[in-house]
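Colleague: Marked as L-aspartate binding site by Swiss-Prot: Glu173, Arg219, His448, Arg489. Per Swiss-Prot, the feature ATP binding site maps to Arg219, Asp220, Glu221, Gln228, Glu482, Gly534, Leu535, Asp536, Arg537. Per Swiss-Prot, region 'Aspartate' is recorded for 197-200, and the stated evidence type is sequence analysis.
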Amino acid sequence: MRSHYCGDVNKSHVGQEVTLVGWVNRSRDLGGVVFLDLRDREGLIQVVYDPDLPEVFNVASTLRAEFCVQVKGLVRARPDSQVNGQMKTGEIEVLGQALTIINAADPLPLSMDNYQNNSEEQRLKYRYLDLRRPEMAQRLIFRAKVTSSVRRFLDSNGFLDIETPILTKATPEGARDYLVPSRTYKGQFFALPQSPQLFKQLLMMSGFDRYYQIVKCFRDEDLRADRQPEFTQIDIETSFMSSEQVMAKTEEMMRGLFLEMLNVDLGEFPRMTYNEAMRRFGSDKPDLRNPLELVDIADLLKEVEFAVFSGPANDEEGRVAALRIPGGAALSRKQIDDYTKFVGIYGAKGLAWMKINDLSLGLEGIQSPVLKFLNESIVNEIVSRTAAQTGDIILFGADQATVVAESMGALRLKAGEDFNLLQGEWRPLWVVDFPMFEKINGNFHAVHHPFTAPRGVTAAELEANPANRVSDAYDMVLNGCELGGGSVRIHNQEMQSAVFRILGITDEEAKEKFGFLLEALRYGTPPHAGLAFGLDRIIMLMTGASSIRDVMAFPKTTTAACPLTNAPGFANPQQLAELGIAVVEKAVKTED
């Protein structure tokens, strides 16, 4: 039905007859000549119909937006005065000689030109129209090219694309599972995988030493701008490779991808330990474009008569950190109050501050409600450590170390945006040496997952003293976003059982939930390591989209619903009966 895509026609085709198909982007009747902008996935082209062919002209005059049509005509160069530099095809146009309406379009339920006027609900309900917009189409085309590039790289490096099951067994991986009832095993359920983690480890045990898969994963969790109930991972696993080798290989892949797709050289990725990242930036995925850093000052404040500072300064689990904002002395009291409310979202009880109005005047040139509690030598040392200058403000976080990191880390990001401080377009890094465990309500939890190997300890040593142990784990971070994370895996039964026990999983419970894994670990398991990248997030960053919903063809809403298909929906009662499922209505409590 076509000889060319609309966006592919150029000056080299002048004088040729072409056949095009697509949708009417816009139609204009200007003084007896109809100008038609025809659109397909590759772009727009202008088609001109004049009254010399009355039958064709009359049909062209009836066209409205989103009619699906076939056009036949002659490519000609536009006059210099009519060249449109904003269009890929702006140097040429097609003189229409034939026109077929393939399918008419009703009046549209959403705006194609001013899509900002469409609600998110409208865009998802009529997604097939929303995806016709060039911006959306180009993102999906870009995504297809990215996955093709990734496959080429992994294929050429000896990785095998192997599928793993979608219907599997529920395992504790941090989020709720989507459950699928079994008809043949009444009362029993499959789970949709949160990741192929255990199956890819089993593939390593099976001898397939380089595996990859671009795979759907599922998590029933509260959604944010960068989360969806179903999402896509670039999943990778290797045998007989160290964490350094895995990082080197996947860094090579990511650098090649950015060079191919964006002509961006990311350069060599720096390494940073988890502890350094939390200390300097208050985050395990720091945005290095932001020059602001947290500075520890607790050692200066242990003796001050101000409990807000001295309390955390003398607490082993406390922290006092300072954050200098260049030019921040211009902040009004209301703006400082807004920052105080902002850190309160993250558990901070307040936000002390110090304005450096004129450094040459000593204490006289410094304004702060806490200045009366600090002697001159302490103030001078705070100014020195933070490298504060006249016109700056220093903000203070004092609380439990976790609260200070989270609240001041978030404030660092906000201030960096507010003061336009971000430097450079792309700043990647590896974050390494994560803690093996974290304590929540007195119980140990895996920081990554229960199959991550510790670094440099035996099973007995780990179980005897699990606190402060470091895992052989690594995250790739770009511009404050985690692109992917991975680790060396546990490859012997003794260590895996020890980790389960530390996590409060009894030997009996471990056998019930992970018996197949523990059994497999008995038969010559090779050392193995891997990682998984979030494909949707990578595409979001590379295209500049504000949400992963804008780089997925048919995403869900923030309430995990699909307005297009009205999913989820009620099941047929007969189906429920076959599955042995009864729907229990939530009881409504009434007062007597």
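Note: Cβ is positioned from N, Cα and C throughout, glycine not excepted.
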Colleague: Here are the binding-site residues: Arg489, Arg537. Which has the lowest count of other Cβ atoms within 10 Å?
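Modeller: The binding-site residues Arg489, Arg537 were compared, and Arg537 has the fewest Cβ atoms within 10 Å.
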Colleague: I need to check the long-range neighbours of the region 'Aspartate' (197-200): which residues 6 or more away from its ends have a CB within less than 8 Å of a CB in the stretch?
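Modeller: That would be 164-165, 168, 171, 173, 211, 213, 235, 237, 449, 451, 514, 517, 530.
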Colleague: How far apart, in Å, are the two Cα atoms that lie farthest from each other among Arg219, Asp220, Glu221, Gln228, Glu482, Gly534, Leu535, Asp536, Arg537, the residues recorded as binding ATP?
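Modeller: Value for the max Cα separation, rounded to a whole number: 20 Å.
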Colleague: At the level of the C-alpha atoms, what whole-angstrom distance separates His448 (L-aspartate binding site) and Glu221 (ATP binding site)?
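Modeller: Glu221 (ATP binding site) has its Cα 17 Å from the Cα of His448 (L-aspartate binding site).
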Colleague: Distance between Leu535 (ATP binding site) and Arg489 (L-aspartate binding site) at the Cα atoms, whole Å?
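Modeller: Between the Cα atoms of Leu535 (ATP binding site) and Arg489 (L-aspartate binding site), the distance comes to 22 Å.
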Colleague: Write out how many residues of the region 'Aspartate' (197-200) are helix, how many strand and how many coil, based on DSSP.
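Modeller: Within the region 'Aspartate' (197-200) the tally stands at 4 helix, 0 strand, 0 coil.
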Colleague: Sort out the sequence-distant neighbours of Arg219 (L-aspartate binding site) for me: same chain, 6+ apart, CB within less than 8 Å of its CB, listed by position.
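Modeller: Ala175, Arg176, Tyr178, Gln194, Arg227, Pro229, Phe231 - these are the non-local Cβ neighbours of Arg219 (L-aspartate binding site), listed in sequence order.
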Colleague: Return the residue, from the listed binding-site residues Glu221, His448, Glu482, Leu535, with the maximum count of other C-beta atoms within 10 angstroms of its C-beta.
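Modeller: Ranked by Cβ atoms within 10 Å, first place goes to Leu535.
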Colleague: Looking only at C-alpha atoms, tell me how far Arg489 (L-aspartate binding site) is from Glu482 (ATP binding site), rounded to the nearest Å.
Modeller: 20
Colleague: What average pLDDT does the predicted model assign to the region 'Aspartate' (197-200)?
Modeller: 97
Colleague: Based on DSSP, name the secondary structure state of Glu482 (ATP binding site): helix, strand or coil.
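Modeller: Its secondary structure by DSSP: strand.
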